[in-house]
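Enquirer: Dumping the structure here so I can ask a few things about it.
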C-alpha cells in the first residue's frame with residue numbers, strides 16, 4: 001500500500017476509535033487482555049523461530065559486556081544508537097497511569113512473566129534476521145514473520161495497536177482526572193461509563209482534542225520512521241520531567 005492509503009486507513013481507525021469513547025470499554029474490555037497476551041506470545045514465538053533459524057549466537061547480546069564493547073566502538077554514534085534504544089522501552093511511562101486500574105503486583109507479574117521475556121525474544125529474533133538480511137533493516141519486523149502466518153500476524157498487530165491506543169486514551173483520562181482532583185487542571189466534564197469500575201471514565205473535551213492532535217501527527221509525519229523519532233523525543237522528555245518532579249517528593253516525603 002502507498003503512504004497515502006496507509007495514512008487514510010490510520011486516520012479512519014482513529015476517528016472511529018475516538019468516536020466510540022463515550023460508550024466506554026465495559027462491554028469489550030474483556031477482549032483486551034487476551035488480544036495483548038496473544039500479541040506478546042506471537043512476537044515471542046516469531047523471535048524464537050528467527051533465533052533458531054538464522055543465528056542463535058545473538059543470545060550472547062544478553063551479556064552486559066557487549067554493551068560496554070559496543071559503546072566503546074560506536075563513539076560518536078552512541079547518542080544516535082541510544083535514541084533507538086529508547087524506542088524499545090516506550091510505553092513503560094504508561095505503567096504509572098495504569099496503577100489506578102490494576103494493582104502493583106498484577107503489573108509486576110504480567111511484565112516479568114510475559115512482557116519482558118517476549119520482548120527480549122522478539123528483538124533478539126529481529127537481530128538474528130538482520131544478520132542474514134542486512135538490506136531489510138527498515139522493515140525487519142514484518143519481513144521476519146514467516147509467510148504462513150503473515151496475514152494473521154498483521155491482523156493481530158492491528159488489533160493490538162488499537163488496544164494500545166485505547167490504553168493510552170484511558171490513561172490520559174485518568175491523569176486529567178487526578179489533575180482535576182489536585183486543582184492543577186481547568187475544570188472539564190467527567191463522565192463515568194461503567195457502574196462497576198470507578199476508573200472507567202470519559203472526558204469529552206479531552207477526547208476531541210486528542211483526536212485532532214493524533215490526526216494532525218499522523219497526517220503530518222506520514223511514515224513510521226518520522227513518527228518514531230518524534231515519539232522517542234517525547235518519551236525522553238516525559239521521563240526527564242517525571243524524574244525531576246518525583247525526586248524532590250521522594251526526598252521530602
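Cβ coordinates come from backbone N, Cα and C, glycine included.
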Enquirer: With TrEMBL as the source, which of 30-51, 52-73 is set down as transmembrane segment?
Expert: 30-51
Enquirer: Taking a Cβ cut-off under 8 Å, which residues six or more beyond the ends of the transmembrane segment (109-132) line up next to it in the same chain?
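Expert: That would be 37, 40-41, 43-51, 53-56, 58-59, 61-62, 88, 95, 140-141, 143-144.
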